[in-house]
Amino acid sequence: MGFLESLLGVIGFGFGIPIGIVVGFLVFIYFDPTDGSKEVAISSVNEFDLSSIVDIMPNLPLWVMNPDYERVDWLNRVILEAWPYIDKAACGIIKTTAEAIFAEYIGQFQIKSINFEHLTLGSLPPKIHGLKPQDSNENELVLDLALRWAGDADIALEVKLSFLRLAIQVVDIQMSSATRIVLRPFVPSFPCFSSIAVSLMEKPKIDFGLLIMGCDIMSVPGVYQIVQDIVARQVAKLYLWPQTLEIDILDSSIGATKKPVGILHVKVVRAHNLLNMDYLSTSDPYVKLSLTGERLPSKKTTVKKNNLNPEWNETFKLTVKDPVSQVLQLKLYDWEKVGAHDYLGMQVVPLNKLVPYEKQDITLDLQNSMDPNDPHNKKPHGQITLETTFVPFLEDSKKFSSSSGSSGSGSSRTGHESMSLSGTGLLLVRVVEAKDVEGKSSPSSPYATVLFRGDKRRTKTVKKTRNPYWNEEFQFMLDEAPVKDFIKIEVMSKRRRMGVMFKESLGYVEIHLADVVDNEHINEKYHLIDSRDGIMHLDIRWKVV
């Protein structure tokens, strides 16, 4: 079911993302007006009977019922005119994003290839049914949107298995959701903000038709509700507030890319009175930790068997890029040997509530979600206890000390010095691009691997080029400076021969990190070893607290 969930998650919600890139907003349902006379009969709401009011209320724009929301017909007209161009740009981004996800499944489940046969968002544009500006500051603008879309999109996939060819088509997509858009930070270049953060403020409503080999599987009893629930749940897991989708609008040369400014030390101490999700025993809880706005995998505690009052006392370090807007998110699960792990509850800690260098003991009541209207929040989910300390990097410490009003404070300085003496730091490796790489098959589809202390990371694959551009950053949290370590970056490519997939090295470079530690930052182009003309551009930083 994992492939189906990923496929539906990409198709069911992914195309809303490019819309935000193009116009700064995500949008959902549009009701095509029916033909009729230009003379419209206007009646007072008081003239409708109770049953009629109940029928029409769900279809009314939010600005009609809620004076806090503004009518934005001008923006809908802009979207209508720009929709053909948005459709083309969005489909290109969807293809690039989806192909990277599909590549993970090639070779699994007997899958040989996955390709788009048709991909269009149709001719009907989305519509904003109301816009509400929230309290903002000089660095960001927060907008809540009532978004709806009922389009004529045509998304068709061809999945080739070792013994069968599957044609999968998604049609009649309809969506509605309350979405929060944060434009930040402001920059002196068009479009005046460098990134968009998108969150769903409630579980979205998603409806669509799914055809497999021409057969509508949604007509099978029971399947419709199961598939709809899977898609809505997957989308909510990814984007329900406080989780965000960060979309970079401007490139790093203009300053859009946020750099890490410090490390958040989190000690998960214990939990109390957790839900019991097992019938014959008690829950086996563990905690997942993550920071919003990050695409890094979540940190996890160990599993405590048969314990509703577990004690972990486990410490984690997370990289902080924006202590003003980022949120520490904690989710608890009941580990299961077979099947999905049961959800126990969650809580969040806004980083703007933390004082730099100051350890804080926090006890939080767990909830089912951060949706204030969620009826499941009324049920007790237990408590979780943490210890948190935010420690800025040395180069940023003066800024945070002055902003927190603790500059010159003895306690802050002592805490800062003790953290600095620990040697904790962050190694940032940005693989920018490669030039003139070639393999036995031409043109190749290169990707890069980063190997450090046995930990291997990889970039996305760029198809059919000798000059791949990645601009991807990898982070390694260390307890001491890597003065004796080397890091290896290798350009690889996959090629098929006689029906078998082979990996091929297109060249590599090894860098002694003592130079990085001494200079704190290197930005160089290196000649690749075992490559005739290949060059690799790397940007490596060492930041200490």
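Cβ atoms are placed via backbone N, Cα and C, with glycine included.
Predicted automatically and left uncurated, TrEMBL annotations should be read as such.
Database features, via TrEMBL:
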- 401-412: compositional bias 'Low complexity' (COMPBIAS)
- 68-250: domain 'SMP-LTD' (DOMAIN)
- 241-364: domain 'C2' (DOMAIN)
- 408-526: domain 'C2' (DOMAIN)
- 399-419: region 'Disordered' (REGION)
- 7-31: transmembrane segment (TRANSMEM)
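In the predicted structure, the domain 'SMP-LTD' (68-250) carries a mean pLDDT of 78. Each residue of the domain 'C2' (408-526) gets a DSSP state, and the totals for helix, strand and coil are 18 helix, 63 strand, 38 coil.
In the domain 'C2' (241-364), helix, strand and coil residues by DSSP number 6 helix, 56 strand, 62 coil.
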